[in-house]
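> One structure, pasted below without further comment.
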Amino acid sequence: MADKTPGGSQKASSKNRSSDVHSSGSSDAHMDASGPSDSDMPSRTRPKSPRKHNYRNESSRESLCDSPHQNLSRPLLENKLKAFSIGKMSTAKRTLSKKEQEELKKKEDEKAAAEIYEEFLAAFEGSDGNKVKTFVRGGVVNAAKDEHETDEKRGKIYKPSSRFADQKNPPNQSSNERPPSLLVIETKKPPLKKGEKEKKKSNLELFKEELKQIQEERDERHKTKGRLSRFEPPQSDSDGQRRSMDVPSRRNRSSGVLDDYAPGSHDVGDPSTTNLYLGNINPQMNEEMLCQEFGRFGPLASVKIMWPRTDEERARERNCGFVAFMNRRDAERALKNLNGKMIMSFEMKLGWGKAVPIPPHPIYIPPSMMEHTLPPPPSGLPFNAQPRERLKNPNAPMLPPPKNKEDFEKTLSQAIVKVVIPTERNLLALIHRMIEFVVREGPMFEAMIMNREINNPMFRFLFENQTPAHVYYRWKLYSILQGDSPTKWRTEDFRMFKNGSFWRPPPLNPYLHGMSEEQETEAFVEEPSKKGALKEEQRDKLEEILRGLTPRKNDIGDAMVFCLNNAEAAEEIVDCITESLSILKTPLPKKIARLYLVSDVLYNSSAKVANASYYRKFFETKLCQIFSDLNATYRTIQGHLQSENFKQRVMTCFRAWEDWAIYPEPFLIKLQNIFLGLVNIIEEKETEDVPDDLDGAPIEEELDGAPLEDVDGIPIDATPIDDLDGVPIKSLDDDLDGVPLDATEDSKKNEPIFKVAPSKWEAVDESELEAQAVTTSKWELFDQHEESEEEENQNQEEESEDEEDTQSSKSEEHHLYSNPVREEATESKFSKYSEMSEEKRAKLREIELKVMKFQDELESGKRPKKPGQSFQEQVEHYRDKLLQREKEKELERERERDKKDKEKLESRSKDKKEKDECTPTRKERKRRHSTSPSPSRSSSGRRVKSPSPKSERSERSERSHKESSRSRSSHKDSPRDASKKAKRSPSGSRTPKRSRRSRSRSPKKSGKKSRSQSRSPHRSHKKSKKNKH
């Protein structure tokens, strides 16, 4: 009975409170109507009421004073009432009896009191400060009788939402909703002062907990966003750690990538990460160098070097960093190829790092990939369409323009329009905005914009149909109109216009698919060429080791280990060591140390190390040079003791090599002799080169099929060419050079046999001298023949005496010029062409190459075979034809050359002999007048000579001419012949001048002067006889 009264009072108070809220809705009305008076409660139940009412009073005050600002108390109170009025009063339950209602409420009050007491202890006694203080639902503490017993929400603790809920449009409370009894405020103040102090503390803690809850919700949102992009499971970190990692990402979006570069990043086993951890970076290396080094493997999403910030980090003298690729495949290739590689003298130590967000556009694109994303060059076709051949090979030349319309349409229908996304962000945004309005408003909008922005350079893509921006605009507009998404589109080729070109859309994101195989091969073009060679850093390190090498065991061991570790470049290392031993100024201890290094490397060349055996092979070719240089060093040592010490150390190496059996004993003996100076390496090279040339000609010179001495000694127009293809030429073999075959065979037998190929200059000197001697006498004959030819043309009406004289000169000219090819090979002609130039030899090679090509075509059936001839005969006939053509060309060139030489000599002789021409002619005229008995004239009015002197003179002239020609051919170098030439020269020189003067006069005078020419040799002959006597 004692517990029934509080339930009744609570019911009455709730009714009063409900009516007050509906009537006024003010907080003062709530406070006046919430507390029951003392007269309403029985006296036996009053001792229990202070405890309950005290808690309710505190709870209501907490809810009212919860806001940091007093001016917000009213709307907050209404929201609280709204949020807590969940239980609805139903009129259907009022039929229950008062007794049943009291029993039911008694049980619920006991449960609620126990829960509230626990909450009270937790909130005010500080048992768990981190717990959020909760509110009791309105129907839990003071539920009405008419509430449903089966309500699912009954008995549950309410968790409040954020304090900053939307207060602009609060929903209207329904007529059935009533304020909860939890907010009833008593008029009596609680007797405990300690509770008041705790009340203030709980208000602060409540506000703090709500702020924490807001922060947690925000952290959860950021964590979810990050997990979707980073492919990582949800983390179970504490609130403080999550806040510390996410605060910078809220300040700056790009810093979210950098926050993951924590110093302790390590491989978390994520199979989708593209981020590489670099653990050993040179302090002088920057991000740009990393881009150049790692960008060869694919586009990069981010590059970051963790620069040292403390003295301890700077003391390490190495940095660490991260390089993130756009896709996993490129990152795996970079890890495989660069892990352990020396970059700027630091060995790269790579590993997988934590995944980072991948941006839409990379920060670095490889040049090979950039070329494929660039627009194609101008082609002249509509929309800059590219022919398929040129699209595959951009360096291919442009095709000529089609001649007719059909060819143009065919080329256009097979071409491809390549769409490239513009890289300029402003232009790309403008194109997208334009497409948006054109799709919405129609083509009239595009026409209006073109009319309005005709002078705006930003809208040039609407007018210039060949530009990549217009191609992208046209494709993107078509794609949107066909139903494609702005971010996802179809990538297969299609025709936009009927009978037009194919359009090739851009890939969705080319950087996420990795580099193609062609681009990978382009990126690694230089790798195969570097195989078997030291890198620049390794070469510098080797040179540094050799410069600082001393005869200490540890130093030589370290150098030997370096050589074996880089055995792939054994040849380059051997060359470097050989070069270091060839310097005479090197101190003796360093030379000995380098020789010991050679010995150690040779000893370990049989070790189970990859490519170590290469050292034995490459050192074998260089040891002769090494010991020759050591011999030069040994001879330059001044002190006897020092030289003996040096010698003993070198000989110790020989004894060790003999024990190790690295090389055979004869080779070691040879090396020892080279070092002691008993064998000269240069002489050995010469003796080794002799067997290569035993055949008398190098391999290159045998291309023309003839030995060197035969090629040099025979002119091209009279060459027998016996062994061009191994078969003698029958038609040209017999008497080509005018010498019988037996004589040539005997002369060949008498020739000395050369063990070494004779020099091509040995047979040149005599032939040149002989040719020069012949040419000096030859030009005089040429002058006489030319003069006699001129006289013959001018003196057709001469007498028989002059005709005989000219006939003799004609016969001599015929002997010199009109002979056949076989008669040209006289002694003088043969000696003139004794030396064969390189040009003639080259022509012979060309002829033989043509013959070989002709023979190959005959054998393969490209050329028809002539009936009645074998292959060999047809080839020989072809060779003869080529040689005959070459001979004719050579003869024409020789004639032109001789003609030019004659003209030069004539011009010189004219200038010298014009001065002495007049005086001798007057003397001859006087002599003629004095010797002739009867001055009778000829038929033309001139003197007529007696027949007897004329015949005598003609006979004398013939004899003198024959004797002079004989003396020239037989006694070429005799002094008598020289004196005869000197005496004949004035008469011979006067004759052509007089004949030239006679051309301007009548033929009679020319005839007279031609007779004087015939007498001139006779007189010179008489004078020579007088001189003899």
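Every residue gets a Cβ built from N, Cα and C, even glycine.
Per Swiss-Prot, the feature coiled coil maps to 92-121, 192-232, 837-915; the stated evidence is sequence analysis. The annotation compositional bias 'Polar residues' is assigned in Swiss-Prot to 7-16, 169-178. The compositional bias 'Basic and acidic residues' annotation in Swiss-Prot covers 55-64, 97-110, 144-155, 186-222, 239-249, 810-841, 874-922, 950-980. Feature annotation from Swiss-Prot assigns compositional bias 'Acidic residues' to 786-806. Taken from Swiss-Prot, the feature SUMO2 cross-link applies to Lys80, Lys145, Lys168, Lys208, Lys748, Lys749, Lys760, Lys829, Lys832. Sequence annotations record features per position, and here Swiss-Prot assigns N-acetylalanine to Ala2. The phosphoserine annotation in Swiss-Prot covers Ser67, Ser236, Ser485, Ser788, Ser800, Ser811, Ser946, Ser948 (among others). Annotation source Swiss-Prot lists phosphothreonine at Thr719, Thr931. Annotation source Swiss-Prot lists N6-acetyllysine at Lys760, citing similarity to another entry. Feature annotation from Swiss-Prot assigns region 'Disordered' to 1-110, 141-273, 704-729, 778-841, 855-1029. For 430-473, the entry in Swiss-Prot reads repeat 'SURP motif'.
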> Can you tell me the CA-to-CA distance separating Ser485 (phosphoserine) and Lys208 (SUMO2 cross-link), as a whole number of Å?
47
> State the mean pLDDT for the coiled coil (92-121).
80
> Residues sitting near the repeat 'SURP motif' (430-473): Cβ under 8 Å, six or more positions beyond its termini, same chain?
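Apart from its flanks, the repeat 'SURP motif' (430-473) reaches 375, 378, 382-384, 417-422, 480-481, 486, 506.
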> According to DSSP, collapsed to three classes, what secondary structure does Lys208 (SUMO2 cross-link) have?
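It is helical.
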> For the recorded positions listed here (Lys208, Ser485), tell me which residue's CB has the most neighbouring CB atoms inside 10 Å.
Lys208
